[in-house]
Structure formats: structure tokens, C-alpha cells
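Engineer: Input: one structure, supplied below.
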């Protein structure tokens with residue numbers, strides 16, 4: 001079996017995906033072809049974002065004109081999830097930006113319902129909301145205080161510009177949300193150093209770090225993540241394009257896994273990077289020399305943290321075993 005066929009056949013997950021940042025560019029082109037030309041420079045593989053604000057500006061200038069109502073969330077999500085199904089991705093965790101509820105005056109539960117309505121048969125989707133660190137003390141605080149009541153909300157994520165300080169109240173809010181059955185995540189170790197990863201683990205109590213790349217700068221933080229059973233939901237292509245790493249060969253995912261840190265791979269914001277989940281697996285093989293067994297372990301890691309029944313996890317594990325043994329799963 002060719003490597004490309006093996007990667008396609010792997011039952012995969014995506015656990016780090018921003019729905020606004022996953023807006024399919026072809027939807028924008030079909031909507032306003034005069035404004036969105038084919039193959040813009042920022043979507044080319046050799047394009048590098050100079051700064052996070054540079055990246056954020058491009059994302060917002062493309063996503064905000066589109067996401068103006070629930071129907072647009074449905075339409076985008078339907079196209080996003082179709083791409084997952086085509087790649088044999090069977091479980092997805094995706095987040096919408098909480099501030100959108102204020103920007104377009106659309107209640108969060110309506111966004112959740114729109115995304116949920118777009119989920120096709122055979123795909124498990126868990127919906128999160130993400131917020132800036134500063135939102136904890138801003139106008140969104142009343143909304144944040146009600147998140148535990150939102151049906152269909154799997155969890156929350158702290159994202160955006162990592163240089164912002166983490167507000168002291170965040171730890172208590174995250175703890176309350178966990179007590180209400182919500183999964184808590186935090187972006188850390190992307191543009192901030194290993195200390196931000198330690199902060200997220202020790203102070204916020206999360207066991208899901210989005211990125212985590214720069215934890216490699218402090219072996220003690222790597223050990224902490226391994227000892228606490230923390231998962232790093234990593235995005236190698238995003239890290240390259242945003243210059244978090246100088247090259248894919250220097251990406252630390254292999255070193256993290258060798259140290260006992262569970263790592264997954266996802267696309268982050270494919271609107272900006274023009275990447276797919278399969279692409280992420282291919283670069284692990286081509287740039288970091290991952291074997292098929294190691295690629296399979298990455299897939300297993302995604303299922304280990306997936307919010308699905310144990311029986312489904314066992315079935316998928318058996319399917320991966322069959323692939324590694326050279327037989328075609330039934």
C-alpha cells in the first residue's frame with residue numbers, strides 16, 4: 001500500500017480547528033469572485049506570516065464578511081465537514097469565536113445549532129467556543145458566566161494573541177466549567193514560551209494544550225506535561241507558516257512523543273494555510289521521518305482524547321491494527 005493510501009485509510013481525528021479559520025476559500029470565490037481571486041499569495045506553501053497580527057488580519061478580513069448569520073455557519077460547516085469525510089476523518093473538535101455572538105448579535109446556542117445541523121452521518125463533531133484572554137474581564141463576561149448552561153457546547157478554549165496576560169479569574173471559571181462537564185483547553189506555547197504552557201497546566205488545570213510547541217524550551221515543562229497526561233493538539237504546518245518553527249524538520253513533535261507527551265495533529269486555520277489533515281500526516285512522514293507505526297500512534301492519540309464511547313475507540317484501534325498488519329479493514 002502506498003503511503004498516501006495508508007494515510008487516507010487511517011481513521012483520523014481533528015482536535016484543533018477554528019471554524020471561522022476553516023472557512024473554505026472556494027465559498028468566498030463563489031460568493032464574490034471579483035474580491036477573492038484564485039490562489040492568493042497568503043495561501044501558497046512558501047508564504048510566511050511576519051507576525052501573529054499579520055495572520056489575524058488576513059483571517060478576519062476574509063472570515064468576518066462571511067460569518068454574518070446562522071445560515072452562513074451552516075453552509076461553511078457543511079463544506080468543512082465534507083472535506084473531513086473525504087479524508088476519512090471521523091471525529092472533529094471545532095470551535096467558534098465567542099465574540100462573534102456580540103459582533104453579529106447572534107446567540108451562541110444558535111451558532112451551535114447551525115454547526116450541529118451541518119454534521120453528516122458517520123462524523124462525530126464536538127463544538128467548542130474560544131475566547132481571548134482579555135474577554136474574561138470584558139463585555140463578554142456575562143456570556144461566559146452562562147456557558148455552563150449551553151446545550152451542545154462540549155467545551156471552551158482560550159485562544160488569540162498569547163502575549164495577553166491570563167486574567168486571575170480564568171482559573172475559577174475553567175474549574176466551574178469542568179465541574180459542569182465541559183472540556184477546557186488553552187492555546188499556549190505557540191508565541192509564548194514554556195512558562196505559558198506551565199501556567200495553563202498548573203493554574204488553569206487543563207489537560208488539552210493547543211500547540212504547546214515552545215514547551216520544548218524547558219525540559220521540566222515537558223516532564224510536567226507527560227506526568228499530568230496532558231495532550232498537545234499540534235499543527236505543524238501552521239507552526240511553519242507562522243514561523244513558530246524555522247522548518248518542519250525542526251518541529252518538536254517527535255521529541256515530545258519520545259518524552260511521553262501525547263500529541264495529535266490538526267490543521268488549525270486552513271483558510272490561511274490551505275492545508276488538510278492528510279497533509280499534516282504527510283509532512284510528519286516526509287519531513288520528520290515518521291514510520292507508518294508512528295503515524296498510526298498519532299491517529300490513536302486523537303482517539304484517546306476523543307469524546308466518544310469506549311466501544312468506538314476499541315473498534316477504531318482494531319481498524320488501525322489491521323492497517324498496520326497489511327489487511328484492509330472491513
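Just so you know, the numbers here start at 1 and follow the chain as drawn.
Glycine too: its Cβ is placed from the backbone N, Cα and C atoms.
Swiss-Prot lists 190 with the feature active site, proton donor, giving similarity to another entry as the kind of evidence. As annotated by Swiss-Prot, Zn(2+) binding site applies to 16, 18, 187, 268. Sequence annotations record features per position, and here Swiss-Prot assigns substrate binding site to 18, 20, 160, 269 based on similarity to another entry. As annotated by Swiss-Prot, site 'Important for catalytic activity' applies to 211.
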Engineer: Apart from 18, 20, 160, 269, which residues in this chain have a Cβ no more than 8 Å from the mean position of the Cβ atoms of those residues at the substrate site?
Structural biologist: 19, 21, 59, 63, 95, 97, 130, 159, 268
Engineer: Please classify the secondary structure at residue 160 (substrate binding site) using three-state DSSP.
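Structural biologist: In three-state terms, residue 160 (substrate binding site) counts as coil.
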Engineer: Any idea what the Cα distance is from residue 268 (Zn(2+) binding site) over to residue 211 (site 'Important for catalytic activity'), rounded to a whole Å?
Structural biologist: 9
Engineer: With a radius of 8 angstroms around the mean position of the C-beta atoms of 16, 18, 187, 268, what other residues of the same chain does the Zn(2+) site pick up?
Structural biologist: 17, 21, 95, 130, 157, 159, 210, 211, 233, 235, 238, 266, 269
Engineer: Using a 10 Å cut-off, grab the number of neighbouring Cβ atoms around the Cβ of residue 268 (Zn(2+) binding site), all chains included.
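Structural biologist: Counting Cβ neighbours of residue 268 (Zn(2+) binding site) within 10 Å gives 29.
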Engineer: Distance between residue 160 (substrate binding site) and residue 18 (Zn(2+) binding site) at the Cα atoms, whole Å?
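Structural biologist: Between the alpha carbons of residue 160 (substrate binding site) and residue 18 (Zn(2+) binding site) there are 11 Å.
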Engineer: For residue 20 (substrate binding site), what is the secondary structure by DSSP, using just helix, strand and coil?
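Structural biologist: For residue 20 (substrate binding site) - judged by DSSP and reduced to three states - the answer is helix.
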Engineer: What's the CA to CA span in angstrom from residue 187 (Zn(2+) binding site) over to residue 20 (substrate binding site)?
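Structural biologist: About 16 Å separates the two Cα atoms.
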Engineer: According to DSSP, does residue 211 (site 'Important for catalytic activity') fall in a helix, a strand, or coil?
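Structural biologist: In the DSSP reduction, residue 211 (site 'Important for catalytic activity') maps to strand.
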Engineer: Find the shortest Cα-Cα separation between residue 211 (site 'Important for catalytic activity') and the binding-site residues 16, 20, 269, and name the residue that gives it.
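Structural biologist: Nearest candidate: 16.
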Engineer: Taking the Cβ of residue 18 (Zn(2+) binding site) as centre, how many other Cβ atoms lie within 10 Å?
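Structural biologist: There are 25 of them.
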